[in-house]
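**Q** Below you'll find the structure I mean.
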Amino acid sequence: MAGFDNFNTDFYQSSYSVDDQNQGGYGYSNADDPYSKPYGQYDYSQPMGYSAPPGMMQPQQPYSGQIFQPTPAFTPASTQSMYSSSFEDEPPLLEELGINFDHIWQKTLTVLHPLKAADGSIMNETDLAGPMVFCLAFGATLLLTGKIQFGYVYGISAIGCLGMYCLLNLMSMTGVSFGCVASVLGYCLLPMIILSSFGVLFSLQGMLGIILTAAIIGWCSFSASKIFISALAMDGQQLLVAYPCALLYGVFALISVF
């Protein structure tokens, strides 16, 4: 134990005392530093503030100017006004679908009045709304007589339109579209609906039925040839156009009679 006490006292010798705590440590002493005062002697009435030492860099002053904000060149309109203007500028739905009831009515009147002059500008349009309705009506009247012939009606119509399309392109100088040929032949099917309607009331296989059938075939072929001549400017060729049209509508008449 005596050796241990000697080792403990001889381990480290220092002249440091408790009274040296009031002095600045590590050789630094600043009398003006308020934080170096002992507890209870600090003057709290003075305002507190941060003062950097002379050797330290002063903080930069904040930027008080205005950040450049570019003015937008285009000011978008409100969503409501944009949609309202777009809806107002849109064409009607029937016009987008190519359905014009005024032109359909004029074409129907042209077919019903064989002696009426046809308007070539209207007849040259590709309008398939009326022909589709007339084909359905023709098939419906055949259905009333117990004949389910919808397939024959559409099949013969397609073959006839294709044949007339090739023939008219060979005969005319301007040429014609397939849609125009189908539109004209479909509108001129309207008298054939009258014939099939008579077949619902009485038989068409007698003499009266044969005369009525011949008159309806002539009516359809004359109306179709008149419209083709007016639309394609084929003066003096109406009989040449009426003959193949009569052959086509003769097949529809055979379906109605038999």
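All positions are counted from 1 along the displayed chain.
Cβ coordinates are placed from backbone N, Cα and C, and glycine is handled just like the others.
The feature domain 'Yip1' is assigned by TrEMBL to 111-255. Residues annotated as transmembrane segment in TrEMBL: 152-171, 178-202, 208-228, 240-257.
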**Q** Residues of the same chain, at least six outside the transmembrane segment (240-257), with any C-beta under 8 angstroms of its C-beta?
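**A** Distant Cβ neighbours of the transmembrane segment (240-257) are 138, 142, 147, 149, 152-153, 156, 160, 163-164, 167-168, 171, 185, 188-189, 192, 195-196, 199, 204-205, 209, 213, 216-218, 220-222, 224-225, 228-229, 234.
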**Q** For the domain 'Yip1' (111-255), what is the mean per-residue pLDDT, to the nearest integer?
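**A** Mean model confidence (pLDDT) across the domain 'Yip1' (111-255) is 89.
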**Q** Residue counts in helix (H, G, I), strand (E, B) and coil for the domain 'Yip1' (111-255), per DSSP?
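**A** Tallied per class, the domain 'Yip1' (111-255) gives 110 helix, 0 strand, 35 coil.
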